[in-house]
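Per TrEMBL, the features are:
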REGION    1-29  region 'Disordered'
TRANSMEM  39-58  transmembrane segment
TRANSMEM  99-121  transmembrane segment
DOMAIN    127-241  domain 'Phosphatidic acid phosphatase type 2/haloperoxidase'
TRANSMEM  128-149  transmembrane segment
TRANSMEM  161-186  transmembrane segment
TRANSMEM  198-220  transmembrane segment
TRANSMEM  226-247  transmembrane segment
Amino acid sequence: MWSWAGERPEPAPQLAGWPGMSDPRHTDLPEQLRRTPELGFGLIFLLALAGLLFFLLAGEVVEGDTKAFDEWLLLLLRNPADLSDPVGPLWFEEIARDMTALGGVFWLTLLTLWVAGYLALSRHFGTMWFMLLAIGGGTLLSRGAKLFFDRPRPDLVPHESIVYTASFPSGHSMLSAVVYFTLAVMLSRLEARRLMKIYILTAAILLTGVVGMSRVYLGVHWPTDVLAGWSAGAAWATACFLVARWLQGRGRIEPGEEARD
């Protein structure tokens with residue numbers, strides 16, 4: 001920017017060893033995205049796609065256009081002779097209950113507190129508080145969406161798990177995406193090795209996937225509830241990651257290992 005006297009301002013402070021790169025405390029999100037355009041555009045595309053999918057599903061559900069698909073897939077997972085009996089052996093039903101517990105409030109809260117403790121002991125306090133706010137915000141968003149849409153639970157087949165809230169979107173699916181994706185992103189930032197980053201993110205995707213599928217298998221959610229939960233959770237986690245990148249550039253969150261190399 002030019003001063004009123006028409007003089008050029010002093011150049012922004014440079015990072016030692018990185019010619020032409022300004023102090024990261026004074027960068028903004030667009031500048032960070034220009035440094036890694038593939039990552040930035042990919043994240044923005046994912047955010048837009050996940051958000052669009054959620055709103056499309058919500059519109060179809062409200063109009064009742066997903067009824068045939070939901071019923072078909074739900075019945076596909078049941079014994080035609082006895083709708084109270086999910087397909088597969090008894091031991092698989094028990095595994096499905098174990099998998100669905102991985103998206104329960106108790107386990108996700110316990111996991112979040114465990115990671116928060118790790119970040120605190122590692123003195124990554126900015127990352128810790130941001131993680132807690134991101135997960136807390138996602139939880140409130142899930143509760144609010146359930147109250148807004150107030151979709152009844154499936155009554156086509158008996159439930160194999162106890163439920164207390166409305167059906168759309170699936171809270172287990174959405175909170176799994178919010179918690180596992182957010183934790184994966186926060187932890188992967190502290191890991192310099194690319195292979196470990198991929199491992200952490202892949203584990204988060206698999207955990208989120210099995211939780212959602214178990215909800216349909218147990219008959220407590222329509223398939224579109226789960227799809228909407230995944231979409232909303234992925235959109236929220238992606239938005240939080242973009243905000244985290246911006247805060248990192250402002251010096252409010254500790255830089256990841258890749259920024260220290």
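Using N, Cα and C of the backbone, Cβ positions are placed for all residues, glycine too.
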Contact set, same chain, for the transmembrane segment (39-58): CB under 8 Å, 6 or more residues outside the stretch: 32-33, 66, 149, 168-169, 224, 227-228, 231-232, 234-235, 238-239, 241-242
Stretch-averaged pLDDT - the domain 'Phosphatidic acid phosphatase type 2/haloperoxidase' (127-241): 92
